[in-house]
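Per Swiss-Prot, NAD(+) binding site is recorded for 58-59, 136, 182-184, 202, 207, 245-246, 266-270, 276-277, 325, 495, and the stated evidence type is sequence analysis. Feature annotation from Swiss-Prot assigns active site to 413.
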């Protein structure tokens, strides 16, 4: 055990965590080694935003409640038997119970509050008392893979924007955005992959430098003029990290009559206390004020967000394709008096929902061996099994060429109900026959078709008005537990902040066994199928057609499906 050198039990600057590589186990089987390695991988300094504070990404999205809890989780996973299940309550290991070999080895509930109390004020009180932890989406569920985790979804969105607004031609066009954190850091690479140039405004210079080192951003600028010159002088799409505050830069562009082609934002606006720097403040002032007067910080941050959103609306009025990228900044601005904050759409209803209707979403896998060759072999297997999707092949080629692995090698690849189970079975077979050096884990973001209720993001503007119904992610978590996922998580507040979302995650370990094959056939079919079910239930024709093709049994719709 390491002695803590700070009164905050969540902070220990002496710790450096990296997942083990190779085939030597610290746990009793791969089913418990897998969550152990992925927990540790979440805190790898090449992966996490602030690993010494257990913060993985997204403001204060943590992997464990404090270092004592982290150490105890590791200790339990090392001794856990294959007929036991560990329960984790907001980053704290609270119980080990007898189950069976096909049950999940870990069940996780993070940040869940009774709805009346589901707000940042109450959460922050509990967090200060050490009674809760913000799990974000993949931070507290141990399946974060670095910025790659959102690159493809962002790339798909930018491709869709190009098709909708620019006849599919992004070259010569540029995107304005804010935020280069764990999620926002994916934007510059995704933009240039899709053919756009980008100026990404970031107030923390260390984040720009990190994205430069890892190849996610091409250049750094300290003024609007410098950034604009870089874009104009480049013959090919280029991304620029602009040091500044989005609440200053966005309105300055309006004043100077500079209109980007596309405008969005991925600052951590979902968390006004910890995630957004108020206009005119330094990082140091914000850190100090948080310890003195939290309400003052929140108010100043939300007022600054209102200024930024007003500028986004002004740029939209001038012709920029403007879209909310799911950080709840419109809601924050609305609460500060910007009455038309929702005049620009969220990215899911605007561009992603047709994919969700077919259960297509951010399928991801990581090589527990730590060997990049295992990922390259699985890339090839995906191409073999899905031969007639040139867009997907292009993504895999670009990902191999341009995305640096962070921590354990991993890949993200948007596929749906028709393909997830097939890919999982193929990967399991590759482990069984020794093509891969060690097992792989398959998971996904909580941003998926059947696993989230978030009225300002994934379920915004559902055609039947069921945006806020959160039975669906609960059913998804229950079904993945029943199906035998290796670990299952149920969270609140990810992406958009407290009170605005509920969502679930699952990870399954492909260890090459017959038992794993049977679990894969259940979990990797059922998980995306809940998304098709949810969208079919809401009335989407694409989802109904997919349900019919995939022979889903949806009692209230079966008669209608037979007539299709």
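In case you wondered, yes, glycine gets a Cβ from its N, Cα and C as well.
Here residue 413 (active site) is positioned 31 angstrom away from residue 246 (NAD(+) binding site), judged by their C-alpha atoms. Nearest neighbour of the residue listed as 'active site' by Cα distance, taken over the binding-site residues 58, 182, 202, 268, 495: 182.
In this structure, the recorded positions 246, 413 were compared by how many other Cβ atoms lie within 10 Å of their Cβ, and the smallest count belongs to 413. According to its DSSP assignment, residue 246 (NAD(+) binding site) is helical. Secondary structure from DSSP puts residue 202 (NAD(+) binding site) in a beta strand. Within the same chain, the residues at least 6 positions away from residue 182 (NAD(+) binding site) whose Cβ sits under 8 Å from its Cβ are 49, 56, 57, 58, 61, 144, 146, 147, listed in sequence order.
DSSP assigns the residue listed as 'active site' to a strand in the three-state reduction. Every protein chain shown contributes to the tally, and the Cβ of residue 58 (NAD(+) binding site) ends up with 28 other Cβ atoms within 10 Å.
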